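Peer 1: Checked TrEMBL, it gives:
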DOMAIN    B:33-107  domain 'Phosphoribosyl-AMP cyclohydrolase'
BINDING   B:ASP80, B:ASP82, B:ASP84  Mg(2+) binding site
BINDING   B:CYS81, B:CYS98, B:CYS105  Zn(2+) binding site
There are 2 protein chains.
Amino acid sequence: MSVSAKWLNKVKWDEHGLVPVIAQEVGTNDVLMFAWMNREALEKTITSGEAIYWSRSRKKLWHKGEESGHTQKVHEVRLDCDEDVVLLKVEQVGAIACHTGRHSCFFQKFEGDVKEGDWQTVEPVLKDPQTFYK
Amino acid sequence: MSVSAKWLNKVKWDEHGLVPVIAQEVGTNDVLMFAWMNREALEKTITSGEAIYWSRSRKKLWHKGEESGHTQKVHEVRLDCDEDVVLLKVEQVGAIACHTGRHSCFFQKFEGDVKEGDWQTVEPVLKDPQTFYK
């Protein structure tokens, strides 16, 4: 089903046929989440204009927001110098990217020293996940 | 040599003992690069205050900027909701993160449609790499 486009061939897919993807919010430049795409996911992201990832746990395409409604409208797709990492610049619908109901998935911050330090939650839950997952 | 700290055990290292790492610039919030860390790299990043990655190609620790001088001073270390991705907020010395002499590694932008589109270089080279690599 996949097109044999030159731009898709330029991406260096890993041994599982995947590429790491960073989703960054347009405007704030906040890093929202990290996920993976296979060839079909990247192609469908371009054609649909919404972020479609590959779920490694469920082993299927994952249209981000399909359950929660928190879809991502894709403004830009970028590729890094080694052609093995993709960066999406997205508009985050509902301002919530994380399944915990937070804006970004990166809400745990390391505080303290190397021996006694730990990860601390430093970002608020904006919406109870029970309200957007069935 | 690694400390057996609780915070290091909380990170879900992959089957190769690695975790993906996103480096984001403090201030601009630009995503500069993507790399990997093993346990020792993350520990040394915390103790040294500079980004130390694991080079998968060279199979050794990689103190970012060791050759180019473009080190990264780490202001914050974050972990995502699944505890399997790290985000560094860094001050990029020399304003150049990419080995091509560009600010960010993500300088190729997809333009066009799914069939005829391609990756276009949209960011300038700030400094000739020959001036900072021997």
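Every residue gets a Cβ built from N, Cα and C, even glycine.
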Peer 1: Just give the helix, strand and coil counts over the domain 'Phosphoribosyl-AMP cyclohydrolase' (B:33-107), going by DSSP.
Peer 2: 13 helix, 30 strand, 32 coil
Peer 1: So what sits near B:CYS105 (Zn(2+) binding site) in its own chain, CB-to-CB under 8 Å and at least six residues off in sequence?
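Peer 2: The list for B:CYS105 (Zn(2+) binding site) reads B:LEU32, B:MET33, B:PHE34, B:ALA97, B:CYS98, given in order along the sequence.
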Peer 1: Around the Cβ of B:CYS81 (Zn(2+) binding site), how many other Cβ atoms lie within 10 Å? Please give the count over every shown protein chain.
Peer 2: 18
